[in-house]
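The annotation N-acetylalanine is assigned in Swiss-Prot to ALA2. The phosphoserine feature in Swiss-Prot is assigned to SER20, SER31, SER73; the stated evidence is similarity to another entry. Positions annotated as coiled coil by Swiss-Prot, on the basis of sequence analysis: 20-61. Under the heading domain 'BAG', Swiss-Prot lists 109-189, citing sequence analysis as support.
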Amino acid sequence: MAQARISAKANEGRFCRSSSMADRSSRLLESLDQLELRVEALREAATAVEQEKEVLLEMIHSIQNSQDMRQISDGEREELNLTANRLMGRTLTVEVSVETIRSPQQQESLKHATRIIDEVVSKFLDDLGNARSHLMSLYSACSSEVPAGPVDQKFQSIVIGCALEDQKKIKRRLETLLRNIENADKAIKLLEHSKGAASKTLQQNAEARFN
């Protein structure tokens, strides 16, 4: 009888310990789940800061190279450039780095995609129009919407092989490059228009002298 009571108490102790361990494990797992949400929120916030830095630098650069900047006095332009350079310097002091975990295959796909974009960029000065068309086909390959133009199928398959975060970065880079080309094209047209207007004025002045 005494032996039975001892065995019952031993079994009860084992049950209590097992139940207690399960509770601890459950609490620890719940804590880790909550921490995982905070880690993802941290990465998203850091990525947002990284993107905001890129946007700010692009906007400052755009202002410095705008047509309005060319149509003000030298003194005003110098003062505004000093302010723009100061803002750019302060922006560059913000260092944010969000590392992407990649498999060897994803790493290789990213290198391949980056190399293709770099090759197009290197041809900007030779043929701006063709570079724009090529970039548009690359961008269409990254878009989930129905593309308006041709899609580079080979590039699309390469991008699909990249990590999701890298796919987003590739798309953002292409968007930035296309905006830069558009701004450069506008600047060239404005310059040509200014030259044409100046040439026309000179011609009219010359004709007026002869008359």
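Keep in mind that glycine also has a Cβ here, set from the backbone N, Cα and C atoms.
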Report the mean pLDDT of the predicted model across the coiled coil (20-61), rounded to a whole number.
-> 92
For the domain 'BAG' (109-189), the number of residues DSSP places in helix, strand and coil = 62 helix, 0 strand, 19 coil
Inside 10 Å of the Cβ of SER20 (phosphoserine), count up the other Cβ atoms and send me the figure.
-> 10
Provide the number of Cβ atoms within 10 Å of the Cβ of SER73 (phosphoserine), excluding the reference atom itself.
-> 8
Provide the number of Cβ atoms within 10 Å of the Cβ of SER31 (phosphoserine), excluding the reference atom itself.
-> 10
Assigned conformation of SER20 (phosphoserine) - DSSP reduced to three states | helix
Under a three-state DSSP reduction, the secondary structure at SER31 (phosphoserine) is helix
